[in-house]
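Remarks on the structure that follows.
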Amino acid sequence: MFNKHSVEIDWGGRPLKLETGKIARQADGAVVATYGETVVLATVVAAKTPREGVDFLPLTVDYQEKTYAAGRIPGGYFKREGRPSEKETLVSRLIDRPVRPLFADGWRNETQVIVTVLSHDMENDPDVLAMVAASAALTLSGAPFRGPIGAARVGFMNDEYVLNPTLDEMVDTQLELVVAGTADAVLMVESEAKELSEDIMLGAVMFGHRHFQPVINAIIELAEKAAKEPREVSQADDSALEKEMLGLIEGELRPAYAIADKQQRQNAVAAAKAKVIAHYFPEGQEPKYDKLRIAAVFKHLEAKIVRWNILDTGKRIDGRDAKTVRNILAEVGVLPRAHGSALFTRGETQAMVVTTLGTGEDEQYIDALSGTYKETFLLHYNFPPYSVGETGRLGSTKRREIGHGKLAWRAIHPVLPPHHEFPYTIRVVSEITESNGSSSMASVCGASLSLMDAGVPLKRPTAGIAMGLILEGSRYAVLSDILGDEDHLGDMDFKVAGTEVGISSLQMDIKIAGITEEIMKVALAQAREGRIHILGEMAKALTNARAELGEYAPRIETFKIPTDKIREVIGTGGKVIREIVEKTGAKINIEDDGTVKVASNDGEAMKAAIKWIKSIASDPEVGQIYEGTVVKVMEFGAFVNFFGAKDGLVHISQLAANRVQKSSDIVKEGDKVKVKLLGFDDRGKTRLSMKAVDQQTGEDLEAAGHKAEKADAPREAAGE
């Protein structure tokens, strides 16, 4: 019934199995990949005919996690998986980025890759396995895919690289790096690091590249057994058309790409394009060429002019050389009511970054496949259409915004203080107000400044820079701080963020078949020079975190109470803690280990809440003086609330120094009194005294009397 084929290898000390022919047989390509006990299914379907009216590769990649894979039922009312989580979106991008450059030029057929997590063993993260499975399914599908690719996760512990560390091992690693590529070159890198050197980062990339070679060989072996015949892609020869078009507009297009200002340059390019349209599509005549073909040739000419100009002259579009960073202006404290804010401008790229400090109530609850946890650091990136001078629809967050936000998050996360030292929930929002390349790295710089402006004690300021590449044969140029056009027309987007000590995040995307170790080494060294320069410019605005939190930020005090007292502080159905919150206005969070966090903008309210909680969580001491409130007056005395929720009896004989006929002659309900704890009777009832305390000063009269007696004793002995 089934025409099954499989390949199994040992990879990083665990078995990796790739199987096809049993599940999803109607897809063009389908592979079930198993690593340990983590299992994913990758499917590929490509449309039979090209999509009309498009000049790009219509590729869609969807990664989805099913909760049954971890033996769980989804939360919520409907009890089924909903819209993609952040993790699913990020892994979808992780798969897309290395496979997209490997499709044949001119492939315009709708192509969909779906990867589904079927089982998760809580040891092996499914993301790398999903990349491997997608690569295998594409290789089998018959789509014009010039793969396969391999992928690996690399950790760094005890000065050694670790291949595919488990989820438990990732807790202790100094590096989390995912690398993907072909047998010959690296195509994609995504990483977070604890301020590691360029050499260690490059070593990790090459370590991963070496160790995913067996995976590529396994996919090739499976393809030899089960792959479909590759589909043909028709590609017209446009060399003559390109030569003709260059003669028509070279005089306009070449000077256009020497204009430094983005909008003026775009206007000049648009004028050249209009000339092309007018020439090839004259009114009233049947056009000789398709509009998409003309547009593709025009784009190719743009790239050719920009690329060869850089290689031949060393000068870029805006007149800079390869290593120069655009002019930078960094400002902090730009928003009066925000807890922290910064405006970071680099050339025509600008980010308004705002920090807000919150309490435990503001933590984000993450329901991940590997388990639930609370996130205390959030970084959100917004890219409105006005930032590039366009109109557009505002709606749900796009994949690109999620990806750029996570990249900036990875850059900042390693330099944040530990949560037990700075117990705030931190939210950073980067609003891109202008964009001409490298907006995610502007977000990193702005986030660092904004956090320091808010008083968050970062280990060190952090900056980011985007590097580009022009590669023609054996000639290449690595570009620092790339423009948007250099990104679109170049071969690489290589983003590096870090401190003066080392790298905290690295992301690389290649649009060609891959780059060599030599080019990466040059790019990392050049990126360090640029990063140090940017840090120097940022230091003109702020060098360290402010000594005090922002005026409008909440203050948080942290202390511990015995775990057996948590129930008393919370009260039945939360009655006690609700009363504390209502009466003091403070926010209170109590952890299972007895850690209490009290937050408030009002110092007095915070003190009152802390005093109240401590009074409940601790026991009163015999002989100590307390201030209390009379809650009930009886014939035999008065009950006084004196220690949190604790009440005690002041017997009528202890109300005053002189004889008291009626308790109500001395006190009434609601009176504020000072009492001394005398002790506890046989039944555990609390005994208090008012007469032992000076009600005006709070002085212990019994102790004062004892001191006076001791002072009089020598005089009596002398017979005075």
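For all residues, glycine too, the Cβ spot is worked out from N, Cα and C.
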Of the residue ranges 391-420, 571-600, 691-720, the one that Swiss-Prot records as region 'Disordered': 691-720
Among Asp487, Asp493, which are binding-site residues, the residue with the most C-beta atoms within 10 angstroms of its C-beta: Asp493
DSSP-assigned states of the domain 'KH' (554-613) in counts, ordered helix, strand, coil: 32 helix, 16 strand, 12 coil
For the domain 'S1 motif' (623-691), the number of residues DSSP places in helix, strand and coil: 6 helix, 36 strand, 27 coil
